[in-house]
Amino acid sequence: MEHIRGNVIVGQSGGPTAVINSSLVGVFKTAKDRGAKTVYGMRHGIQGLLEEKYVDLSDHIQTSLDIDLLKRTPSAFLGSCRYKLPEADKDNGVYKKIFSILKKLDIEFFFYIGGNDSMDTIRKLSDYALEIGSSIRFIGVPKTIDNDLDITDHTPGFGSAAKYIGSITKEVIRDGLVFDQNMVTIIEIMGRNAGWLTGASALAKCEDCEGPDLIYLPEIPFDVESFIKKVEELHKVKKSIIVAISEGIRTPDGKYISELTDTVEFIDAFGHKALSGSAKYLANMIGAKFGWKTRAIELNTLQRSASHLVSRVDITEAYQVGGAAVKAAFEGLTGQMVILKRVSDDPYICTTDTYDVHKIANVEKKVPREWINETGDFVTQEYLNYVKPLIQAELTPIMVDGLPRHLTLNDKNLKNI
Ligand code: F6P
């Protein structure tokens, strides 16, 4: 064991993934192995910390079975939040409160597992620490199914969601072939303004499956009329048509298709609109126009919580970025995010490094135009070469009574509530 270190606190933030808890284990285990005294977990990220809600993770992760279960548990074990810190020069009251809580807990190292909004929190807290001369180190641990974090080759959580999307697209395609009738199935996939996840539906195209017919990413404006024309043309040569759309597709004048629906609008603290209902809207439109049978499948939270089908590459990397964050902080770094650096596709080799969080926070990385075909309705081989290594191999759930067993947090151990 290395020499004794100060206390650590870790939080989870933003939308969860199937492997975010593997990163939590990576932080916890590495910090403990390297001599951290206490490893605290924030309940519901920075928002819970502000209410002094935290746990001592050693009360909850006690055995190697706990570790194995937690890695395989979807959703954020500690709870999450979408909380936007104000700029410190406008309102530093919140910062004073956070730093006084951190002082009370004798925290030396702060880790936040999240996407680009969460990296905004690391950026602001690390800047404030420098300003007030605090020696607390702040490091971001990447996570998001959207895969839209800049600089890092990819984000933990994406590979497993992509594996799930590729798998269920194959299954839906098979199901669409059952009846000898015209049918249009539209699958709606998360990812906000980046089409990384929607592109993963193309993985279904393989030896035993013809793949989806059309794929629409948010990077390309979505023309409803041309979409309907394409479906009409396709129906002249085949009966079952499968379309994958991103929840974030927009009309050429910038309106989300989901805004054309009667879904009640919800906007989070970062100004993101909750996007849903686009598949249903388009399916209804086609049904009404042609009288064909349609189905709208909104993958919704299934795609980010399917821990029964995680990619082993992804869950392993999720653990590694947690460990790398601890190593970086213990070596004295702050204001950094851990990144994944791909060395090669085949064999797939990837390493970790760190990068200035100021260059990453609040930036959305989109699918490059050249990875989308010319007609804007499918992804190219380059995209597939990129995603394929990330979905490889599995990690079997620990099954109890026929169902996957998870590790859950019991709030009776909350330190302060
Ligand atoms: O940020 C990840 C994400 O899963 C997005 O793809 C999606 O738009 C969003 O979260 C949904 O968030 P919520 O569950 O808060 O509605």
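The backbone N, Cα and C atoms fix where each Cβ goes, and this holds for glycine too.
Those TrEMBL annotations? Automatic predictions, nothing curated.
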Thr144, Ile145, Asp146, Met190, Gly191, Arg192 bind substrate per TrEMBL; candidate in Glu87, Glu247, Glu259 listed for that same site: Glu247
Which same-chain residues, if any, lie at least 6 apart from Gly191 (substrate binding site) yet have Cβ under 8 Å of it: Ile145, Asp146, Asn147, Asp148, Leu197, Thr198, Pro218, Ser246, Glu247, Gly248
Distance-selected recorded positions near ligand 1 (C-beta under 6 Å), from Asn116, Lys143, Met190: Met190
For substrate: widest Cα to Cα gap among Thr144, Ile145, Asp146, Met190, Gly191, Arg192, Glu247 in Å: 16
Neighbour tally for Ile145 (substrate binding site), based on other Cβ positions within 10 Å of its Cβ: 32
Non-site residues, in chain order, whose CB comes within 8 A of the mean position of the CB atoms of Thr144, Ile145, Asp146, Met190, Gly191, Arg192, Glu247 at substrate: Gly15, Asn147, Asp148, Ile189, Ala194, Trp196, Leu197, Gly248
